Structure formats: C-alpha cells, structure tokens
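Colleague: Below you will find the structure I want to go over with you.
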Amino acid sequence: MGCLSGIVNFILYIVNIVFLIVGILLIVLGSIMLSDLSHFDAAGSGTNTNTIPICVTVLGGLIFVVSFFGCYGIFRQSACMTGAYTSMVFVLFILQLVLTCWVFVNRSAFLGDMTNLVNLLWDSHDYTAMGVLEETFGCCGDTGYTNYNNIGLSVPGTCCGYLDRQATCNSPSVYQSRPGCSAKFEEFWNDNMDIIRWSGLGLCIFDLVVFLIAGALTNCMRSQNAGRQVYA
C-alpha cells in the first residue's frame, strides 16, 4: 500500500508541475497581450479590448495557485495544504461541469452569443478587432463588404487578405466573394462545437479523478499524522 501511495503521489506531483508551468505561461501570454493591446487607441469604442487578455491572465493565475497548493502539499506531505488543494479542484470540477452542461444544452444560444459578439464589435466601430477577424477567418465586414459601403468607408485591405488594414483593396472579386464575419465566426464555433463539448466533459472527468485521488491522499496523510501523535 505504501508503494502504491508513493506512485500516486509522484504522478499527482508531476501533473501539478505541468499545470504550474501552464499557469505561468498563461500569465505571461496574458501580460504580453495586454501590453500589445495597450498600443491601440480604443477611445470611442464600446468594447473593452482588454477583456480576453485579462481572462487569460486570471485563468493562468488560478491554475498557478491551485497547482502550487498541490505541489507544496504533496512535496511536504501536508494534509492541510493537500486538503485545500482537494477543495479547490472540487470547485473547479463543479464550475467546469456547469459550463459544459450549459454548452451541451444551449448550443443555439451559445452560437447566437458568438454572432452577437461580432455584431457588437461592428456596432461599436472596433475596426481593429474586425481586422483580426477578417484576417483569421477570411471574411469581410459584419454581414458582408457592403457594410463598409453603407457607412462611407472603403473596403479595408484585410478583406483582400492583406495584413495591413490600410492597404488598398483593388480586387473587388476577392472581397465580394467573402462572407460576413458574423456568419463565419458562428460557422467556426458550430463546426468545432462537438470538440468543445467533449473536451469539456473530458476535463470534468479528469478533475473528478484528481479530486478523488487528492482526497484519498489527504485522508492517508491525516491518518499517518494521527498515528504518529498516538505513538508520540
């Protein structure tokens, strides 16, 4: 039993080391994104372009804290720290389970939210974000290139495949054949919905297994500490 406990300790410790590194990388990535977006002038825009990098940074910090409790508790064989880690993993399991169930049940609502997100970017004149979408998904405007004509703007270079949005788009056949970004963005999430849902379910199962193992280790540590106190 002691050998099995040692193997489980080692595996769980390695898993937490990996997630500790992932948390640090996410914090660094979010900080870089925040630094880059700070160079853009978001004045007059109704959309907060810092939302995504802030979420990435917070997620990285959360993963780092939880993994740190796990690593420290297992390394020091601390029942208190390992118990705190177990509680955190359980909370993460519940949150991921709720989110995954919501995605399973509200597929159409989720896709509608993705469409509304692009509509919001267009209505708030966040052309920097629209340029990113146009480059990434090969689309143009909110519902099509005519959106730019309707507000008196020339079709940007990103609608013709240029990285520079200020470039002149001299190929009408290119941007006229491109769909709107709202439809293209919704299509992307629709095509990957099954991957998202089953990946979320897989993460929930992984969290549940880690929770059960961490809980068992915590009880084992407490039993060992109680036995030492009795013999002392």
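Along the chain as shown, residues are numbered 1 onward.
Just so you know, glycine gets a Cβ as well, placed from its N, Cα and C.
Owing to the predicted nature of the structure, the values given are computational and were not obtained by experimental measurement.
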Colleague: Could you pull the disulfide partner of CYS159 out of CYS139, CYS140, going by TrEMBL?
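Modeller: Disulfide mapping in TrEMBL sends CYS159 to CYS140.
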Colleague: Select the range from 7-31, 51-75, 195-218 that forms the most Cβ-Cβ pairs under 8 Å with the transmembrane segment (87-105).
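Modeller: Answer is 195-218, with the largest number of Cβ pairs below 8 Å.
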Colleague: I need to check the long-range neighbours of the transmembrane segment (7-31): which residues 6 or more away from its ends have a CB within less than 8 Å of a CB in the stretch?
Modeller: 53-68, 70-71, 74-75, 210, 213-214, 216-217
